[in-house]
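Worksheet for the structure shown next.
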């Protein structure tokens, strides 16, 4: 039996880190939402009991370093599943981009295996298991839009922002999330107003959403990688209503209500970014 699942990317509309935790992670306070750029996974049951990963991408590992593999291993051990699974992964989300591609693959694996192995777990139960795999996995299990706290695993559902176009641009660099958080100085970094973003989303106020975009990690990534700042400036000059780096970067996104403006951004960015996407916010369900 084979199950096909989609793994959509996420963006952070606002991201603040509030304190460093004893476990080395940071406490975060953020609003995340899903977009319709997605990886595709095919999960096929194996009688042998092994987990076999088949990622069609040079920079994506096929072993326990892959979060989808790790998710399958955690679920298999937790419920003492005898059968195995082959995970065929077709990547569309850029790698090491701040878009939670790996976390979303893990979440999609959990959702798919719940069906394949007939576990009948709720999304909440899958999200709890996902927190063992990675901080962004619980959000990716639930999808939609949410306020995240703790390491990112504590979620409060939020109405999704009004529909708009999202232009994603990833420069040809990779950024290590651990390195960015490690270099973060909470004393000097400019901190975003998370409450203002939550209010803007609840009020469905697109202008206020664009004005409230903020990411404390820009204070680290932008000085390290000037090309990220250049992309932000270019997007603003092309008339994007809101511009922000997603996660630890290096991907930058622009929000606009106008399709022709999104297309203009895409055409301009293709000149100096080989990974550019025009997508939509996914809304409540995926």
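Heads up, residue numbers simply count up from 1 along the chain you see.
Glycine is no exception: its Cβ is also placed from the backbone N, Cα and C atoms.
Feature list (source: Swiss-Prot):
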- 10: active site (ACT_SITE)
- 136: active site (ACT_SITE)
- 94, 95, 96, 97, 98, 99, 100, 101, 102, 103, 104: ATP binding site (BINDING)
Neighbour count (Cβ, 10 Å) for residue 136 (active site)
28
Rounded to an integer, what is the Cα-Cα distance in Å between residue 136 (active site) and residue 100 (ATP binding site)?
7
Given the binding-site residues 94, 102, and counting only Cβ atoms in the protein chains shown, which has the most within 10 Å of its Cβ?
102
For residue 100 (ATP binding site) and residue 10 (active site), the CA-to-CA distance in whole Å is 6
Calculate the distance in Å between the alpha carbons (Cα) of residue 10 (active site) and residue 104 (ATP binding site), and round it to a whole number.
8
Using Cβ atoms only, which residues of the same chain lie under 8 Å from residue 104 (ATP binding site) while being at least 6 residues apart in sequence?
7, 8, 9, 10, 38, 39, 93, 136, 140
Cβ-Cβ neighbours of residue 10 (active site) (radius 10 Å)
27
Given the binding-site residues 96, 100, and counting only Cβ atoms in the protein chains shown, which has the most within 10 Å of its Cβ?
100
Residues other than 94, 95, 96, 97, 98, 99, 100, 101, 102, 103, 104 within 8 Å, Cβ to Cβ centroid, of the ATP site?
9, 93, 247
Sequence gap of 6 or more, C-beta under 8 Å: which same-chain residues meet both conditions with respect to residue 98 (ATP binding site)?
12, 175, 177, 245, 246, 247, 248, 249, 250, 251
